[in-house]
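Report on the structure given below.
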Amino acid sequence: MMPQARLCSLCLLTLYLTTGYGQEGKFSGPLKPMTFSIFEGQEPSQIIFQFKVNPPAVSFELTGETNNTFKIEPDGLLYLIKPLDRETRSIYNLQVAALDAQGAIVEGPVPITIEVKDINDNRPTFLQSKYEGSVRQNSRPGSSIGTLTAHDMDEENTVNSILEYRIVAQTPQIPMDGLFLVQTYSGVFQLAKRSLKKQDTPQYNLTVEVSDKDFKTLCAVQINIIDINDQIPIFEKSDYGNLTIPEDTNIGSIILTIQATDADEPLTGSSKILYRITEGDSEGQLGVDTDPHTNAGYVTVKKPLDFETAAISNIIFKAENPEPLVSGVEYNASSFAKFTLIVTDVNEAPLFSEYVFQARVSEDVAIGTKVGNVTAKDPEGLDVRYSLRGDTRGWLNIDPVTGEIFSAAPLDRETESVYRVKVVATEVGGSSLSAVSDFHLTLLDVNDNPPRLAKEYTGLFLCYPLSAPGSLIFEATDDDWQPFRGPQFTFSLGSESLQADWEVSKINGTHAKLSTRHTSFEERVYDVPIRINDGSQPPLEGTVSLPGIVLAVVFIRMKKNKGKDNAPSAQASETKPLRS
């Protein structure tokens, strides 16, 4: 039996021979940075290199991107324990360190790079299982049909990933085999030998092979032959005669059906027909919709017809394809047709020039002032008479002939800021048809309302006798338009004779306080007029006093209770606000 040491040496030599050696062409050596190249797919337990160090190092440690793929033995043998796959990972970065008996690093760590070398272990694959392309009939040889695309996961720009394309089968072989070609390396698909005709066959099915140096993959390619647009549409008749319809025909109504045919392949852009009006309809009142199955054209009313504008129109149609005609083929008289449209008169109601007429005027204009104007016309040219409807306040008059609108009474913005009425236009003669529009009159504010109290204050009192000066708070308002920040009233006593006993002080733009100047008042009712000024342009002033809203101070002696002292039962010296 072979000694054990000799057997181990033999195994080590065998492993060296299967894995190769490091960047310096050696199987072993000192601990230093190194790079190793290893082919993917090798069996595990392959020795890569043996590191050697001098004492006190007694073992080695492997760290880094080991991924449970690499291992190092205590004697420095670095080897592979799992197969490598370059398409999964192409480089591993490891570190190797030498340790002493206590596990301390005495040398390193040094970087070790493992480069995974590619082998041809991936079959080319197409991005699709089946490709479809098309080519027009009569196309010249060399015309491009499309590009086939395959992919190989092996390393790019190497012999393992270079792909070659070729056609291996054509069905049917009519009128001959080899009608198509594919560029060997680019995958560009082309028409090869001759032009094709759809009547020979409308479709070809090909089998294409892509290969690298070891593997082959097949895919199916379907080539459709497309008809070219070499036939023009032809009308079944060139003149559809006269068509008489009333001018009030509903929009969307079909008034005529026209028909052309095309000899190109059915249900394609070469045979589909679009109808276009080329003359006689400058306003776009008509349109033509095509039936996608029969190519019939339905002439419809798109806009209102007008006898007064165009009583007779000579309409010319053109039938054409959405697909362009091939070179040398042109549309001719067969693709044109005509008819005469006769529109009959229908008595129509007058038409206002606007849906809503609007005007603005100051609320203090004099009676009889022109405040606006409306206009309407009768399509048949009849005279029109105007009238108002909904003038509930009797503020306006309208001239029945001219449509001018005048003020008929004093206007008041505070009553109605935008006055809305209806204007009626009626034709004179005919059927006396009428139309209605709106007239909106916006009234602009004038400072014509003096300030007043915001509410009716009643039952105001201060208790008698006064032990201290008292006060009452009140609020003013104004019916005119107010600025964004609100009114800015000023307040004063209505008579200078009251100044010895009373005073008015402003709290803000709408509130003020009436106060007594002393406590020596008799027990009676006092009428204190207050003057309020709005400060507008022109300024208006209002005085609030009796009769109407009363500002009064009432001093009331409370009755004595039996068995009690002659002192009042209550002494009210605190200030009381105004109450309603």
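Quick reminder: no glycine exception, Cβ is built from N, Cα and C everywhere.
Per TrEMBL, domain 'Cadherin' is recorded for 58-126, 127-235, 237-352, 353-453. Taken from TrEMBL, the feature signal peptide covers 1-22.
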Query raised in the report: How do the residues of the domain 'Cadherin' (353-453) split into helix, strand and coil according to DSSP?
Result: 0 helix, 49 strand, 52 coil
**Report entry** the domain 'Cadherin' (58-126), counted residue by residue under DSSP: helix, strand, coil
**Finding:** 0 helix, 37 strand, 32 coil
Report summary line: Taking every residue in the domain 'Cadherin' (127-235), the average pLDDT works out to 89
